[in-house]
Amino acid sequence: MAIRRINDGYIDCLFGVDEQNDQYNITLPYRYRCSDLSIIQYVSYQQLGNGIEECADGSDELSNALNWYYFRCDYGEEYPCWVFRSAYIDKIDRVNSMQLPFHRYCDSVRDTTDGHDEKNCSQWVCPQDMHQCRTTGQCINKDDLCDGDFDCGNGEDELNCSAAKSRWILEAQCDNTKEHFCITQHFLINQTLHRPCIDYWKAGDEQLDCIGGRDERNVFVCLDHNILGDRFLCDNATKCLSHTVVCNGITDCYDQTDELICFWTRHNCSRNYFPCYDNKTCIPGRCLYKANCPNNENLFWCPNPYESNYRISKVRRRSNYLLFCGNVEFFNISAALVTGIPFKSISNPQFYGYCNRGFYLLSGNGKEPVCFCPPSFYGHRCQYDRLRVTIRIRFDRKHLSDLPPLLHVLVLLLHNRTFIIDHQRFIDIDEEFPQKHKAYLIYSYPNLSGNYSVQFQAYDGLELLSVWEYSINTIGILPVFQLAKILRFPDRSLPWRCPHNHCQNNGSCYMIVNNDENNYFCLCQSGWKGNLCTEPLKQNKCSLHALALDEDLCVCPYGYLPPHCFVRNTICEKQTSIFSSTNGICLPFSILPPHEYWYFHDSSKSDGSSKSMLMLNRRKPNEETFLLQLLKISQDYPKLRQQILIPKLTSFPITFIINSRDSVYNITLPETGLLYTYERQRDFVTVHLSMLYINCSNSLRNFTADLNSQPSQCKSISIRSPITLLNTFCWQSEDQSCFYSQNYICYCKMKTNRSECLTYEQRDVQCGHCLNQGYCIQGNLQNSSNFACVCPKCVLGDLCQFATSRFSIELEMLIEQTQGSRLHLLVPIVFFCFGMIFNTLEISTFMKQNARQAGAGLYLLINGFISQFVLVLLLTRVIYLIFVKQMTLSLITNQILCKSLPYLMTTFKNISMWLMSFVTVERALAVTWPLHSRMFRTPRFAKLVSIATLILLFSSLYMLIIEYKIVIRPDRSYISCVREIPSHKRIIIQYTSLAHQLIPFLLNFVAGSMVIINLGRSKAHSHQKPSRYKIAEQARQRADLLIGPFICFISALPQLIILFLDACNYEESTWFIYLTLTTFYISFIPQMITFFIYIIPSPTFKHVLLTETKFGLYLSKFIHVKKPTVAN
């Protein structure tokens, strides 16, 4: 038994053990929980509204939300099917949140269990062609007035009516202008003192005044969850009986009211005869309309003879289409039976079942049957099962809209992916409801050791589009294996070729869709076969224009038939005149049996008379993406006929061809056009809905919408607003255009100020590909790659993958915003080459012991290596970001590069800045406290500080590895490397980034200033001169101590200024992007010129360079080297 049937409220097993099993919980998807919460009971969605009450409370037929009969999934693409399919999948309970269609409210028919849809209707505005009940406000057809039925809740539609000929004469005692006929308890007691009448306003007030509940026929609900109607109510409103038990001579009610209501003294009549009021006449039964009593009392309490159930014609109301539009053209479809074809029976009853699963034909003498077996059986009487693999597949084309309408599919049973055991062919056609295909792959008892698999190849003529492959592990174990799959095409352009061609002998390499990146398929050139096209194809039976996969396996072009593609399928050529006259295209099948073809209507070949066009005008391009929806009203719920994405910065006017044909090519124009526009806010995106047009005619016509003046945006109504607010909105609001709530979209009819609403949920609008609170808009539903992202302010990128903020500059965002121009390579290449030369000189200088007498030499030696490594990382990172969309790298390689490059570059760049600040600090200590700071200026201390700095920065910036990630577009056209910072960590990360840039900058500035000031004061004190002159003099003399801090200060200052600006305020400014990029590159200048800022100004370091390095010794041949007189 299926698990879904356990604990579902129905006893399926003996003693009900399936309902007493605590090991399983009922699964919510595809199950509806009955409304009565006192019991746990579930039903399948397929059982909703089927006319059978599976729920004990009947909520599977009539719930407090809606009448499920009008919400059934009968066709795959209808709105109810989408609701049922998507229920709970995205954690939204769509089924239980469904609302009754707007036009089902206040229409005099109860569509909910509690009847709230027919209450509070006093302010309801009815359509012009309908009658509104004065008291209740309900809307009824004008034809229903004076028809004998209570259509208004209190029956006021039956007042002021001419006397019916078939009416009981006793009813004439009532005032037809304000009273209803009603046999009350008082009337039964004394017919002289009391009349059988009540005031009409007492009807439908949920108070029983008439015997049998006749006054509450439209209000009272019986135990079977249906209204009372023509039934008889008795026994303190606990029993509802059929009208046939009234006055039948048998007491069915405990209180006997079913017989007491015929209050006259009845004489004896034969069985099944009804005694009339005159105590003389007997007629054969009540409610027969053939023989009546003299006063027609036999017609009392009889249903409408023209309806099978109470008010059934009123329940079968017109659809929302008629109410929403009111102007319809009907198209008739006729079919004719083929007649006049003689046939002869060739069956013989004595041979029934002779061929088991097959069929038989009699041999030439007409006596001996010959069996023809299906593929799954064999034997002279089809008595044996074949060893087979049963294939059941369906293609999912929704991800790609540019697939050919006709695909030839080849299915192969393979051994070790090389030897073909069996194959089958079939055709897949692009249809609204995809076809399921079934095939058998036959094999003998396996005598081959190895792996078995089933491979699917989809061809467009001779072009291979896609390949799927599935392993089979049960061959040799089970006699029959079934493979059921949905084959989905990849979200990318087809065919999907391998990044690297693994095939030999000029074979073509294709990726296998459903497997990992290491599995591929080789399509071999003529004369070769095998897994890698390494085996020669010695024999080839295929025609020259065919594709030979094996000696006897050929792929035929369009119009040629297997097995060897020599025979043509000429069916389309024979019917050219038919197809050309209907603007159709005929595609012949390349499978057996012959003469099969497929015809489809080609709208591109149609003339203008068979097209409907929609033109949109706008003075300037749209700043953000637009979404256009065309809705076809199908019964009660609209169906999405067409969805079009209008990218941002589109130049207007633009024209679209309206899809005016349904699945069977009938012309049915979508009645409603909706336009979604989007507005960027600081942290979210605002959605605006506008109604472009309403077209209530199937006549082909063109539409033009001026987006400068129209359409006005529809007003959003609170989801908690009562349904009456929607109906009265048009005459209560000054803005009489359109409005919408969570479940309805409405427009105002200008003549009546009435709201016309469609049950509508904004489905199929959003997708889930955007990051950072971006709003993902889905375009063509048949193409998942047709989407656009509208980003909140401060978020950039086509997937909203870059979030701008203070204190952080992302190179990925800057390159993306400048379209990834290759000119970006110029600066990193120059920096790399320049740094390679001078960082090498710096390293060779500080590798000498004389340059590392103090800690500053060790700092600068380490900095030389790190600076050049930073420039290498910068160049590598820029190359990667520019070419990542063009390179074919594995996902793991992309992840490693995306995460490691920014992490290493940022960390080592910060380490370099810290090391240069340590040099300045050490010099400041030497000037300020020359004796006390000696231990802090040793190489040993510098080594410890360098190691601590490495550990500290690598650990403090490790979050970069987590934050950087790969973002892959759904169509896999390219990937992006982005940094995603969690909102709760954003402030910490921003200030950490600021600290690593600001603190070294301040150390350089303060320490350099201390060096000059202390030296100046010292000289001024010894020479007894003003300090300011000596400070200025020392600044000139010891410029070597200030050049490093000063250049570090100048290079970091622009970026610090940019960091303190809110980039969000300048995101649309191109100059700001290029300015930010310039400051980013300027910040790398110190890593390129440390040779000039620390070696050239220093006499000591310069002397080491010129006297101890190979470059210096070579250079000293041309210049005179002086011995330094001061320390570094």
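Cβ coordinates come from backbone N, Cα and C, glycine included.
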Tell me which of CYS133, CYS139, CYS161 TrEMBL records as disulfide-bonded to CYS146.
CYS161
Regarding the disulphide bond with CYS524, report which of CYS509, CYS533 TrEMBL records as its partner.
CYS533
Cysteine of CYS247, CYS276, CYS282 paired with CYS262 via disulfide, per TrEMBL
CYS247
Would you say the transmembrane segment (825-846) and the transmembrane segment (998-1018) are in contact under the rule of three or more C-beta pairs closer than 8 Å, pairs 6 or more apart in sequence?
no
Determine, to the nearest whole angstrom, how far the Cα atom of CYS161 (disulfide bond) is from the Cα atom of CYS524 (disulfide bond).
87
Lowest local Cβ density among CYS161, CYS247, CYS262, CYS524, CYS533, which the record lists as disulfide-bonded residues, within 10 Å
CYS161
Please name which of the disulfide-bonded residues listed here, CYS146, CYS247, CYS262, is nearest in space to CYS524 (disulfide bond), Cα against Cα.
CYS146
Looking only at the domain 'EGF-like' (494-534), what are its DSSP counts of helix, strand and coil residues?
0 helix, 12 strand, 29 coil
Looking only at residues six or more beyond either end of the transmembrane segment (1072-1096), which have a C-beta under 8 A from one in the stretch?
809, 811, 814, 817-818, 827-828, 831, 834-835, 838-839, 841-842, 845, 860, 863-864, 866-868, 870-871, 874, 909, 912-913, 916, 919, 1043-1044, 1047-1048, 1051-1052, 1054-1055, 1057-1058, 1063, 1066, 1102, 1105
For the transmembrane segment (825-846), sequence-distant contacts whose Cβ falls under 8 Å of one of its Cβ atoms, 6 or more beyond its ends:
852, 857-858, 860-861, 863-865, 867-868, 871-872, 874-875, 878-879, 882, 1081, 1084, 1087-1092, 1094-1095, 1101, 1104-1105, 1108-1111
CYS533 (disulfide bond) sits from CYS247 (disulfide bond) (Cα to Cα, rounded, in Å) at a distance of 92
Would you mind checking how many other C-beta atoms are within 10 angstroms of the C-beta on CYS146 (disulfide bond)?
14
Between CYS262 (disulfide bond) and CYS533 (disulfide bond), how far is it from one CA atom to the other, in Å?
96
At the level of the C-alpha atoms, what whole-angstrom distance separates CYS146 (disulfide bond) and CYS533 (disulfide bond)?
86
